[in-house]
Amino acid sequence: MMHAFHHLAVLLIGSLPASASTLPHPDGYRHVNGSCSKSVAVPAVWNGFGYLFNITVGTPPQELTMLSDWTWMSLFVRSGRCLNQYDPSLCLGTSGQTWFDERASTSFANTSLPQLSWPLTAFAPNFTVDYGTDDVCIGDLCSAGTVLQVSDFPYPGEGIPKVPFSGIFGMAPVTAGLNETFHPANYQAWKAGRLGSRVGWNSCAALASSDPCLGGEAKLVFGGTDSSLYDDDTLRIYEIQNPDWLSDAFYPLTPPRENYWTTPLTGSWILGTSEEESRNFAVPFSGSNGSNVTPLAVLDEGSEGLGAPLSLNAYNWLVDQVRGTLASNDTIEEIHAQGSSGFNTAEQNWYTVSCDDIDSYPELVYELNGHTNYTVPPQDYVTKLSDSSTCYLNINLWKYGRTEDGNAKVALLGLAFLKRLYVVLDFETQSFGLAPLSM
């Protein structure tokens with residue numbers, strides 16, 4: 001997510017994996033056979049921030065590495081603007097940050113859309129963007145006049161850490177009443193008849209090779225899906241729900257936003273080590289009018305979604321089941337340095353467990369919208385520290401949306417949950433689909 005940039009950059013600069021700077025060659029783009037001919041598949045690689053892939057913007061085209069973000073609202077590019085002026089030396093500093101040069105593009109134009117600013121984000125205070133238009137290409141599928149966000153921070157760029165991407169490819173759903181400032185690039189391309197309405201996604205983390213990801217670690221299909229990776233009969237569709245309370249429960253941006261890929265979380269169980277099943281930890285909470293409100297599950301494929309999601313009560317129950325040991329400060333530092341857990345999972349304890357007993361640990365079971373269960377095996381929520389023989393519980397205890405009695409209003413469905421599933425985001429029906437990956 002975009003609001004996590006600053007915090008993540010401070011922790012990760014200098015320790016990014018090699019894949020962060022190496023994307024498969026653009027020849028890896030390919031069209032996908034399916035119901036819609038207007039689709040293109042792109043490989044993506046993982047780093048400490050999330051999945052990265054390449055697009056081009058402008059005329060002549062400038063190749064930019066994008067951070068995939070299902071929770072952000074638009075296509076954002078780092079620019080040579082700040083303090084309401086164009087001055088790359090002032091606004092980018094000397095870090096070597098890659099960026100989009102609007103003045104090198106003959107097709108770039110400013111818009112009359114208002115400048116927007118978010119006073120409070122984890123990236124930086126007063127995160128400010130202008131809106132322009134330009135040609136955007138995903139592979140060889142291009143869409144002219146795409147509305148995009150252009151950075152215009154109210155301070156020089158020297159103090160902003162360098163990140164290994166030039167912008168954010170937001171893919172949040174466009175719900176009723178949202179204007180062009182909330183329109184992702186692929187949504188605009190669909191509306192213009194350049195792409196289909198769907199985006200397909202899969203990780204190769206649980207697959208035998210990277211071939212289904214075109215040599216990357218994940219694959220995005222803009223305008224369609226890769227039907228060879230799932231059985232359509234097993235695809236379960238969930239219409240999104242974006243109530244007003246979601247903004248504060250998920251991430252309290254100012255001004256608030258509620259347009260996310262969500263569905264009711266109606267069940268959260270832990271199958272105990274002695275075949276004992278826990279109680280249901282997806283507990284309704286009291287709404288503003290006193291009625292019971294069902295928690296929501298939020299899709300988040302980025303760094304903030306790392307780890308299996310649990311409430312505090314569920315986490316404590318799991319720790320008892322696996323006889324977890326409170327991690328030392330040194331181990332916690334190793335966990336953060338490795339980048340295998342969400343960096344906004346603050347205010348939670350970390351626990352180490354025996355690496356030899358993983359197969360005997362319980363499964364985590366999640367029920368979405370009252371009718372489909374999904375299982376996360378222990379191999380996907382127990383993580384080994386790369387430089388030691390230590391294993392730890394990789395649990396996402398999201399710091400927002402917690403209730404005083406240890407329950408949670410939201411659960412982030414990230415890589416631990418999604419790695420064995422095919423994901424379909426549908427901008428036309430405002431729904432998403434999940435199906436088991438064909439292994």
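Each residue, glycine too, has its Cβ placed from N, Cα and C.
Annotation in Swiss-Prot places Cys355 in a disulphide bond whose other cysteine, of Cys213, Cys391, is Cys391.
Between the alpha carbons (Cα) of Asp300 (active site) and Asp69 (active site) lies a span of roughly 8 Å. Cα spacing between Asn110 (N-linked glycosylation site) and Asn179 (N-linked glycosylation site): 17 Å, rounded to the nearest whole number. With respect to their backbone Cα atoms, Asn329 (N-linked glycosylation site) and Cys391 (disulfide bond) stand 15 Å from each other. In this structure the C-alpha atoms belonging to Asn179 (N-linked glycosylation site) and Cys391 (disulfide bond) are separated by 47 Å.
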